[in-house]
Amino acid sequence: MAEVYTRAPVRLEGKYGAMLVCWVLGNGCLFSWNSMLTIQDYYVALFPNYHPSRVLTLIYQPFALGTLAMLAYNEAKINTRKRNLFGYSLFFIATFIVLLLDLATSGKGWLGSFIGICVISGAFGVADAHVQGGMIGDLSFMLPEFLQSFLAGLAASGALTSSLRLITKAAFENSQDGLRKGAILFFAISTLFELLCVLLYAFVFPKLPIVKYYRAKAASEGSKTVASDLAAAGVYKQGPETKNEHDPQQVERLNNKELLLQNIDYAIDLFLIYALTLSIFPGFLSEDTGSHSLGSWYALVLITMYNVWDLIGRYIPLIKCLKLESRKGLMVVILLRSLFVPAFYFTAKYGDQGWMIMLTTLLGLSNGHLTVCVLTCAPKGTRAKCTRKSSSFVSFRRYICWCNSRLVVAYRQRLVKHPKF
């Protein structure tokens, strides 16, 4: 039976359950892609002449960026529920195809197999653009803790996949064709996890009381993308949907250009964070770190250290005194991260594995910390500007009403003095 949500949830019902689901959904957003990154040792052995650790990243990013740009341009017309379900379903299907492709080719490293892997990498980029953009936009309507949990889940996916890869590599290291067996088991686990995310988002998340409340609130404030989410939870808006032209919450809805101009520094921050991170991780760490005592484990250890400290960095903003909220401060710290480029270059050339592990730790820690700071501060700034703009509109409207009332009073006084007028 459908219900009407016009009140706040009692004691924020379902808050911690929603945070847990957000964390799992954040995992699912990058679990498949991190799985592909984490088994780079297998792909490097399978395709030694094609540089998979570099090529797969170069294919993934343009597909993700191009799809995200198209979705952002048409954001007000897109059904958020269908967008996110499509993304998680594509993750599930593409991960399953990776498994089938390896089984069908018997682990042979020929060109056609590599092209298939590249196509799947592009599919991961398309899925990521659908899910990550859709979920962050959806959760920005809700509590900051939900967004923080989702972002922490993104990093946790890297830590989990790295841990699983260490386990599978150790389990099959001494067996014949052990590298391939570990990769197959790894992608089987990834496929099941993506299926879990599809089911959680489709049937569990939209029915949580606190999620229903915030989505209904967003709809009442003019959001056009949450209708199907509310319908899936059995919630409908009370009364006919009539647009009140004097309601500042609806009149003052910012378009994409206004949002970008108001948050251009945040957009540049995110670009610089990931431009630098992806120039080092995973390609440089997988191929340009020399020969060390850890042997074939070295690249995997570096990737694991990055992912673990990226996860830790995303929880640091929960400590208020360590959270960067100054827009200028964020920009300065992000620009200082460019020092990682010469640091990694000289460490790879002259340093030992201990220094490289330390630098990788700092890279992951700064990436996670700064990502959460930017993405949790940006919605607050936008809401504050919208509130100030709406307040100005309200003040102007009140001034016009006051002028009209004074004119009416003056006219009536004149009628009293001059009845024939």
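Cβ coordinates come from backbone N, Cα and C, glycine included.
The structure displayed is predicted, hence computed values, not measured ones.
What TrEMBL lists as transmembrane segment is 16-35 (among others).
The transmembrane segment annotation in TrEMBL covers 55-73 (among others).
The transmembrane segment annotation in TrEMBL covers 85-104 (among others). Below 8 angstroms of C-beta separation, residues 25, 28-29, 31-32, 35-36, 113, 116-117, 120, 123-124, 126-132, 134, 180, 183-184, 187-188, 190-191, 194-195, 197-198, 201-202 of the same chain, each at least six residues beyond the ends of the transmembrane segment (85-104), sit close to that stretch.
Annotation comment: TrEMBL describes 110-129 (among others) as transmembrane segment.
Positions annotated as transmembrane segment by TrEMBL: 150-172 (among others).
The transmembrane segment annotation in TrEMBL covers 184-205 (among others).
What TrEMBL lists as transmembrane segment is 266-285 (among others).
Among the features that TrEMBL reports, transmembrane segment is placed at 297-317 (among others).
Annotated transmembrane segment per TrEMBL: 329-348 (among others), in sequence order.
If you look up TrEMBL, you'll see 354-378 (among others) marked as transmembrane segment.
Within the chain carrying the transmembrane segment (297-317), a Cβ under 8 angstroms from the stretch's Cβ atoms is held by residues 34, 37-38, 40-41, 148, 151-152, 154-156, 158-159, 161-163, 165-166, 169, 281-282, 285-287, 289, 323-324, 353, 356-357, 360-373, 376, all 6 or more beyond its ends.
Only pairs six or more apart in sequence are counted, and the transmembrane segment (16-35) with the transmembrane segment (354-378) gives fewer than three Cβ pairs under 8 Å, not enough to call it a contact. Contact between the transmembrane segment (266-285) and the transmembrane segment (354-378) is supported by 3 or more Cβ pairs under 8 Å, counting only residues 6 or more apart in sequence.
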